[in-house]
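Asker: Got a structure for you, questions after.
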Amino acid sequence: MASADGKVVEEEGVEDDVVEIKEKPLDIMRYMDAVRDSSAGAIATFSGTTRDTFEGQEVLELRYEAYETMAYRELRKICQAARERWELKRMAVAHRTGVVPTGQESVFIAVSSIHRQDALKACQFVIDEIKASVPIWKKEIYNNGESWKQNSEFLTRNTT
């Protein structure tokens, strides 16, 4: 659903998963709280942040664009695929669009499960699948130019 500013795609669905695509900074504690479950013995997280250098160049910020309707649908599919592979309690997946300054999160994933191995494996799977299949594009802005980036996971999956 869209927020008042029309920039958040969010919905709680099957199993109370939280999936968001938004321009504003990600609320990490909100996602952590969303996956808490009294029957879960583990919460695994992944936080992808904007780094300040890439291949010797100073990075000022990242700019993300998304085909939001399709991206949201793909994120939901990834959550479902993770649930089919591991015994998970709750999931939260959020990705930024727009400008993301250095040091801020671009993507955050939280997964709860009874045992840590399921949560850890699911977290790894989700970020790898996001990079390989979700239509969200990243441009790095440098102090001397800019460059659209391609994820190696996408290239590997789509060139073989």
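Placement of Cβ uses the backbone N, Cα and C atoms for every residue, glycine included.
Feature table excerpt (TrEMBL):
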- HIS115, ARG116, LYS131, LYS138, LYS139, GLU140: substrate binding site (BINDING)
Asker: Mind giving me a neighbour count for ARG116 (substrate binding site)? Other Cβ atoms within 10 Å of its Cβ, every protein chain shown.
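Answerer: Around the Cβ of ARG116 (substrate binding site), 13 other Cβ atoms lie within 10 Å.
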Asker: Within its own chain, what residues at least 6 apart in sequence put their Cβ under 8 Å from the Cβ of LYS139 (substrate binding site), listed in sequence order?
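Answerer: Non-local contacts for LYS139 (substrate binding site): LEU62, ARG63, TYR64, GLU65, GLU146, SER147, TRP148, LYS149.
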Asker: Taking the residues HIS115, ARG116, LYS131, LYS138, LYS139, GLU140 listed for substrate, what is the greatest CA to CA distance in Å, to the nearest whole number?
Answerer: 37
Asker: Who sits close to GLU140 (substrate binding site): which same-chain residues at least 6 apart have their Cβ under 8 Å from its Cβ?
Answerer: PHE54, GLN57, VAL59, LEU62, GLU146, SER147, LYS149
Asker: Which is it, of HIS115, LYS131: the one of these binding-site residues whose Cβ has the most other Cβ atoms within 10 Å?
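Answerer: When each Cβ's neighbours within 10 Å are tallied, LYS131 tops the list.
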Asker: Would you mind listing, in sequence order, the residues at least six apart from LYS138 (substrate binding site) in the same chain with a Cβ closer than 8 Å to its Cβ?
Answerer: LEU62, ARG63, TYR64, SER106, TRP148, LYS149
